[in-house]
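What follows is a short report on a single structure.
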Amino acid sequence: MHSKVIIIGSGPAGHTAAIYLARAELKPVLYEGMLANGIAAGGQLTTTTDVENYPGFPDGIMGPLLMEKFREQSVKYGTCIITETVSKLDLSKRPFKYWCESDENTCHTADVVVMATGAYARRLHIPGEETYWQRGISACAVCDGAAPIFRGKCLSVVGGGDSAAEESLFLTRYATKVYLLVRRDKLRASAVMAKRLLNHPKIEVIWNTVVLRSLGDGHLLNRLEIKNVKTQVVSELHVSGLFYAIGHEPATALVRGQVECDDNGYIITKNGGPETNIKGFFAAGDVQDKKWRQAVTSAGSGCMAGLAAERLLAEEEEMKNIEKNKK
(Lines of atoms letter the chains of each structure in order from A and count residues from 1; the text may use other names and numbers.)
(Lines give C-alpha, C1' and ligand atoms only; values in the text may rest on other atoms or scores of the structure.)
Protein backbone atom coordinates (compact mmCIF):
# COMPACT_ATOMS: atom_id res chain seq x y z
CA MET A 1 0.00 0.00 0.00
CA HIS A 2 1.23 3.48 -0.86
CA SER A 3 0.07 6.63 0.93
CA LYS A 4 0.87 10.28 0.44
CA VAL A 5 1.27 10.70 4.18
CA ILE A 6 1.17 8.44 7.20
CA ILE A 7 1.08 9.37 10.87
CA ILE A 8 2.59 7.07 13.47
CA GLY A 9 1.02 7.68 16.87
CA SER A 10 -2.46 8.45 18.15
CA GLY A 11 -2.10 11.03 20.90
CA PRO A 12 -3.05 14.72 20.60
CA ALA A 13 -0.14 15.39 18.22
CA GLY A 14 -0.94 12.53 15.86
CA HIS A 15 -4.66 13.20 15.67
CA THR A 16 -4.24 16.96 15.25
CA ALA A 17 -1.84 16.39 12.35
CA ALA A 18 -4.36 13.94 10.89
CA ILE A 19 -7.24 16.42 11.16
CA TYR A 20 -5.30 19.10 9.27
CA LEU A 21 -4.09 16.68 6.61
CA ALA A 22 -7.52 15.13 6.16
CA ARG A 23 -9.15 18.54 5.75
CA ALA A 24 -6.55 19.21 3.06
CA GLU A 25 -7.88 16.07 1.31
CA LEU A 26 -4.56 14.25 1.51
CA LYS A 27 -6.18 11.06 2.84
CA PRO A 28 -3.78 10.50 5.73
CA VAL A 29 -3.32 7.05 7.20
CA LEU A 30 -2.86 7.01 10.97
CA TYR A 31 -1.35 3.99 12.71
CA GLU A 32 -2.66 4.18 16.25
CA GLY A 33 -0.62 1.27 17.58
CA MET A 34 -1.69 -1.74 19.56
CA LEU A 35 -0.36 -1.39 23.12
CA ALA A 36 2.78 0.27 21.78
CA ASN A 37 5.20 0.83 24.69
CA GLY A 38 2.58 -0.75 26.94
CA ILE A 39 0.13 2.11 26.35
CA ALA A 40 -3.21 1.77 24.58
CA ALA A 41 -4.09 3.67 21.41
CA GLY A 42 -4.57 7.31 22.35
CA GLY A 43 -1.30 7.64 24.23
CA GLN A 44 -0.64 8.79 27.78
CA LEU A 45 -3.98 10.57 28.11
CA THR A 46 -5.71 7.20 28.13
CA THR A 47 -4.05 6.57 31.51
CA THR A 48 -5.17 9.93 32.93
CA THR A 49 -8.43 10.46 34.78
CA ASP A 50 -9.53 14.11 34.91
CA VAL A 51 -7.92 16.52 32.44
CA GLU A 52 -8.63 19.99 33.81
CA ASN A 53 -6.20 22.13 31.82
CA TYR A 54 -7.28 21.42 28.22
CA PRO A 55 -9.04 24.48 26.73
CA GLY A 56 -12.73 24.14 25.95
CA PHE A 57 -13.61 21.88 28.88
CA PRO A 58 -14.23 24.16 31.89
CA ASP A 59 -15.51 21.25 33.97
CA GLY A 60 -12.64 19.00 32.93
CA ILE A 61 -12.83 15.84 30.87
CA MET A 62 -11.67 12.27 31.35
CA GLY A 63 -8.46 11.52 29.43
CA PRO A 64 -9.87 8.52 27.52
CA LEU A 65 -12.98 10.50 26.55
CA LEU A 66 -10.86 13.38 25.26
CA MET A 67 -8.92 10.98 23.06
CA GLU A 68 -12.18 9.45 21.80
CA LYS A 69 -13.20 12.92 20.66
CA PHE A 70 -9.84 13.43 18.93
CA ARG A 71 -10.29 10.12 17.15
CA GLU A 72 -13.88 10.86 16.18
CA GLN A 73 -12.86 14.17 14.62
CA SER A 74 -10.00 12.54 12.70
CA VAL A 75 -12.36 9.96 11.22
CA LYS A 76 -15.02 12.58 10.46
CA TYR A 77 -12.68 14.43 8.10
CA GLY A 78 -11.42 11.32 6.33
CA THR A 79 -8.45 9.93 8.22
CA CYS A 80 -7.94 6.21 7.70
CA ILE A 81 -7.11 4.83 11.15
CA ILE A 82 -5.40 1.46 11.38
CA THR A 83 -5.08 -0.26 14.75
CA GLU A 84 -1.63 -1.58 14.05
CA THR A 85 1.91 -0.94 15.24
CA VAL A 86 4.59 0.10 12.76
CA SER A 87 7.53 -2.15 13.58
CA LYS A 88 10.11 -0.99 11.03
CA LEU A 89 10.72 2.23 9.14
CA ASP A 90 13.31 2.87 6.42
CA LEU A 91 14.11 6.57 5.98
CA SER A 92 17.04 6.08 3.60
CA LYS A 93 15.14 7.42 0.60
CA ARG A 94 11.69 8.56 -0.50
CA PRO A 95 9.15 7.19 -0.73
CA PHE A 96 9.84 5.88 2.75
CA LYS A 97 9.31 2.18 3.39
CA TYR A 98 7.67 0.72 6.46
CA TRP A 99 6.42 -2.59 7.83
CA CYS A 100 3.74 -3.46 10.39
CA GLU A 101 3.96 -5.79 13.36
CA SER A 102 1.22 -8.17 12.18
CA ASP A 103 2.80 -8.76 8.75
CA GLU A 104 6.48 -7.95 8.60
CA ASN A 105 6.81 -9.49 5.13
CA THR A 106 4.65 -6.81 3.50
CA CYS A 107 6.34 -3.51 2.68
CA HIS A 108 4.30 -0.29 2.50
CA THR A 109 5.43 3.13 1.27
CA ALA A 110 4.67 6.77 2.03
CA ASP A 111 5.84 10.07 0.58
CA VAL A 112 5.71 11.78 3.98
CA VAL A 113 5.84 10.46 7.55
CA VAL A 114 4.72 12.30 10.68
CA MET A 115 6.18 10.67 13.79
CA ALA A 116 4.04 11.30 16.86
CA THR A 117 4.81 8.29 19.03
CA GLY A 118 5.25 10.35 22.19
CA ALA A 119 7.23 9.60 25.31
CA TYR A 120 6.40 7.60 28.36
CA ALA A 121 7.20 8.33 31.99
CA ARG A 122 9.62 6.04 33.74
CA ARG A 123 7.99 4.10 36.54
CA LEU A 124 9.31 2.39 39.66
CA HIS A 125 7.37 -0.84 39.02
CA ILE A 126 6.84 -1.37 42.72
CA PRO A 127 4.19 -3.63 44.28
CA GLY A 128 0.83 -1.85 44.33
CA GLU A 129 1.70 0.48 41.46
CA GLU A 130 -0.89 -0.90 39.07
CA THR A 131 -3.57 -0.94 41.78
CA TYR A 132 -3.07 2.72 42.66
CA TRP A 133 -2.08 4.14 39.28
CA GLN A 134 -4.23 7.27 38.85
CA ARG A 135 -5.65 6.49 42.27
CA GLY A 136 -2.86 8.24 44.09
CA ILE A 137 0.13 7.47 41.87
CA SER A 138 0.88 9.70 38.89
CA ALA A 139 3.75 10.73 36.66
CA CYS A 140 2.60 14.31 36.11
CA ALA A 141 2.02 16.75 38.95
CA VAL A 142 1.02 19.54 36.55
CA CYS A 143 -1.62 17.28 34.97
CA ASP A 144 -3.03 15.69 38.11
CA GLY A 145 -1.86 17.64 41.15
CA ALA A 146 -4.99 19.79 41.42
CA ALA A 147 -7.32 16.77 41.50
CA PRO A 148 -9.64 16.54 44.53
CA ILE A 149 -7.92 13.40 45.86
CA PHE A 150 -4.70 15.40 46.34
CA ARG A 151 -6.00 18.73 47.64
CA GLY A 152 -5.28 19.40 51.30
CA LYS A 153 -3.33 16.15 51.66
CA CYS A 154 0.25 15.04 52.32
CA LEU A 155 1.92 14.13 49.03
CA SER A 156 5.26 12.70 47.93
CA VAL A 157 7.55 13.03 44.91
CA VAL A 158 10.31 10.64 43.85
CA GLY A 159 13.35 12.08 42.09
CA GLY A 160 16.29 14.37 42.58
CA GLY A 161 16.59 16.53 39.47
CA ASP A 162 15.01 19.76 38.27
CA SER A 163 11.78 18.01 37.30
CA ALA A 164 11.40 16.60 40.81
CA ALA A 165 12.06 20.03 42.30
CA GLU A 166 9.57 21.71 39.96
CA GLU A 167 6.88 19.10 40.64
CA SER A 168 7.39 19.36 44.40
CA LEU A 169 7.11 23.15 44.31
CA PHE A 170 4.02 22.95 42.11
CA LEU A 171 2.30 20.55 44.49
CA THR A 172 2.72 22.94 47.43
CA ARG A 173 -0.17 24.93 45.94
CA TYR A 174 -2.55 22.14 46.86
CA ALA A 175 -0.84 19.95 49.47
CA THR A 176 -0.45 20.50 53.19
CA LYS A 177 2.96 18.82 53.02
CA VAL A 178 5.22 17.51 50.24
CA TYR A 179 7.89 14.89 50.88
CA LEU A 180 10.64 14.63 48.27
CA LEU A 181 12.19 11.17 48.34
CA VAL A 182 15.78 11.25 47.09
CA ARG A 183 17.81 8.08 46.63
CA ARG A 184 21.12 9.82 47.22
CA ASP A 185 22.36 12.32 49.81
CA LYS A 186 22.28 15.27 47.42
CA LEU A 187 20.13 16.74 44.68
CA ARG A 188 20.90 16.71 40.97
CA ALA A 189 18.74 19.81 40.52
CA SER A 190 20.28 23.14 39.60
CA ALA A 191 21.46 25.36 42.44
CA VAL A 192 18.59 27.81 41.97
CA MET A 193 15.93 25.08 42.01
CA ALA A 194 17.57 23.32 44.96
CA LYS A 195 17.60 26.53 46.99
CA ARG A 196 13.90 27.19 46.33
CA LEU A 197 13.08 23.61 47.23
CA LEU A 198 15.08 23.41 50.44
CA ASN A 199 13.78 26.76 51.69
CA HIS A 200 10.11 26.00 51.11
CA PRO A 201 8.22 25.54 54.41
CA LYS A 202 5.88 22.89 52.98
CA ILE A 203 8.62 20.66 51.55
CA GLU A 204 10.65 18.08 53.45
CA VAL A 205 13.43 16.18 51.70
CA ILE A 206 13.96 12.59 52.85
CA TRP A 207 17.48 11.61 51.78
CA ASN A 208 18.92 8.20 50.90
CA THR A 209 15.44 6.77 50.50
CA VAL A 210 13.69 4.43 48.07
CA VAL A 211 10.06 3.34 47.83
CA LEU A 212 9.49 -0.37 48.36
CA ARG A 213 5.69 -0.62 48.14
CA SER A 214 2.59 1.49 47.65
CA LEU A 215 -0.25 0.69 50.04
CA GLY A 216 -3.85 1.73 50.48
CA ASP A 217 -7.43 0.64 51.03
CA GLY A 218 -7.73 -1.06 47.64
CA HIS A 219 -9.25 2.06 46.12
CA LEU A 220 -6.93 4.94 46.99
CA LEU A 221 -3.29 5.17 48.03
CA ASN A 222 -2.77 6.15 51.67
CA ARG A 223 0.82 5.21 52.54
CA LEU A 224 4.20 4.07 51.24
CA GLU A 225 6.70 1.59 52.55
CA ILE A 226 10.11 3.24 52.28
CA LYS A 227 13.68 2.22 53.09
CA ASN A 228 16.77 4.19 54.00
CA VAL A 229 19.47 2.75 51.74
CA LYS A 230 22.25 3.57 54.25
CA THR A 231 20.71 2.32 57.48
CA GLN A 232 18.43 -0.28 55.83
CA VAL A 233 15.62 0.88 58.14
CA VAL A 234 12.16 0.27 56.67
CA SER A 235 9.27 2.53 57.66
CA GLU A 236 5.89 3.77 56.48
CA LEU A 237 5.13 7.23 55.14
CA HIS A 238 1.48 8.30 55.23
CA VAL A 239 0.70 10.16 52.01
CA SER A 240 -2.24 10.37 49.62
CA GLY A 241 -0.13 10.89 46.52
CA LEU A 242 3.06 9.60 44.94
CA PHE A 243 4.38 11.46 41.90
CA TYR A 244 7.17 10.05 39.75
CA ALA A 245 9.72 12.58 38.51
CA ILE A 246 12.43 10.19 37.36
CA GLY A 247 12.44 11.08 33.69
CA HIS A 248 10.75 10.14 30.44
CA GLU A 249 11.70 7.86 27.56
CA PRO A 250 10.91 9.09 24.05
CA ALA A 251 9.45 6.37 21.82
CA THR A 252 12.05 6.80 19.10
CA ALA A 253 13.55 3.31 18.83
CA LEU A 254 11.95 3.04 15.39
CA VAL A 255 14.15 5.80 13.94
CA ARG A 256 17.28 5.96 16.08
CA GLY A 257 20.35 5.80 13.90
CA GLN A 258 18.39 7.21 10.96
CA VAL A 259 17.22 10.64 12.08
CA GLU A 260 19.12 13.12 14.23
CA CYS A 261 18.32 12.69 17.94
CA ASP A 262 19.76 14.25 21.08
CA ASP A 263 21.62 12.34 23.79
CA ASN A 264 18.33 11.39 25.46
CA GLY A 265 16.81 10.01 22.27
CA TYR A 266 14.46 12.90 21.49
CA ILE A 267 14.18 13.77 17.80
CA ILE A 268 15.85 17.08 16.99
CA THR A 269 13.61 19.47 15.05
CA LYS A 270 14.53 22.72 13.33
CA ASN A 271 13.78 26.19 14.69
CA GLY A 272 10.93 25.10 16.93
CA GLY A 273 9.04 23.51 14.05
CA PRO A 274 8.36 19.89 13.06
CA GLU A 275 11.06 19.58 10.38
CA THR A 276 13.94 17.17 10.96
CA ASN A 277 17.21 16.60 9.14
CA ILE A 278 15.37 14.26 6.73
CA LYS A 279 13.14 15.88 4.14
CA GLY A 280 9.61 14.54 4.33
CA PHE A 281 9.99 13.19 7.86
CA PHE A 282 8.33 15.33 10.52
CA ALA A 283 8.22 14.92 14.31
CA ALA A 284 5.42 16.16 16.55
CA GLY A 285 4.51 16.04 20.21
CA ASP A 286 6.49 14.57 23.09
CA VAL A 287 8.73 12.59 20.75
CA GLN A 288 10.59 15.87 20.19
CA ASP A 289 9.55 17.84 23.28
CA LYS A 290 11.34 17.06 26.53
CA LYS A 291 10.39 20.33 28.21
CA TRP A 292 6.64 20.99 28.16
CA ARG A 293 4.99 17.56 27.62
CA GLN A 294 1.39 18.79 27.79
CA ALA A 295 -1.61 17.67 25.74
CA VAL A 296 -2.20 21.17 24.42
CA THR A 297 1.43 21.71 23.37
CA SER A 298 1.40 18.32 21.65
CA ALA A 299 -1.74 19.28 19.75
CA GLY A 300 -0.11 22.54 18.64
CA SER A 301 2.96 20.62 17.52
CA GLY A 302 0.73 18.24 15.56
CA CYS A 303 -0.92 21.20 13.86
CA MET A 304 2.49 22.47 12.73
CA ALA A 305 3.46 19.03 11.43
CA GLY A 306 0.22 18.69 9.50
CA LEU A 307 0.59 22.10 7.90
CA ALA A 308 4.27 21.55 7.10
CA ALA A 309 3.55 18.17 5.50
CA GLU A 310 0.71 19.67 3.47
CA ARG A 311 2.94 22.50 2.28
CA LEU A 312 5.77 20.16 1.28
CA LEU A 313 3.47 17.90 -0.73
CA ALA A 314 1.86 20.92 -2.43
CA GLU A 315 5.27 22.35 -3.38
CA GLU A 316 6.44 19.01 -4.75
CA GLU A 317 3.23 18.59 -6.74
CA GLU A 318 3.68 22.05 -8.20
CA MET A 319 7.27 21.25 -9.20
CA LYS A 320 6.11 18.05 -10.90
CA ASN A 321 3.55 19.99 -12.90
CA ILE A 322 6.14 22.56 -13.93
CA GLU A 323 8.51 19.83 -15.12
CA LYS A 324 5.67 18.08 -16.90
CA ASN A 325 4.67 21.24 -18.76
CA LYS A 326 8.27 21.82 -19.83
CA LYS A 327 8.16 18.52 -21.66
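Note that Cβ sites are derived from N, Cα and C of the backbone, with glycine treated the same way.
Over in Swiss-Prot, the protein carries these features:
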- SER10, GLY11, PRO12, ALA13, ILE39, ALA40, GLN44, ASN53, VAL86, CYS143, ASP286, ARG293, GLN294, ALA295: FAD binding site (BINDING)
- CYS140-CYS143: disulfide bond (DISULFID)
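Features recorded in Swiss-Prot, as mapped to the structure shown.
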residue	record	Cβ contacts under 8 Å, 6 or more apart
SER10	FAD binding site	LEU30, TYR31, GLU32, GLY33, ALA41, GLY42, GLY43, MET67, ARG71, ILE81, ALA116
PRO12	FAD binding site	GLY43, LEU45, MET67, PHE70, GLY285, ALA295, VAL296, SER298, ALA299, GLY302
GLN44	FAD binding site	GLY11, GLY63, GLY118, TYR120, ALA121, ASP286
VAL86	FAD binding site	ILE8, TYR31, GLY33, TYR98, TRP99, CYS100, GLU101, LEU254
GLN294	FAD binding site	ASN53, VAL142, CYS143
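Local packing around the Cβ, expressed as the count of other Cβ atoms within 10 angstroms, is greatest for ASP286 among the recorded positions CYS143, ASP286. Every protein chain considered, the tally of other Cβ atoms within 10 Å of the Cβ of CYS140 (disulfide bond) stands at 18.
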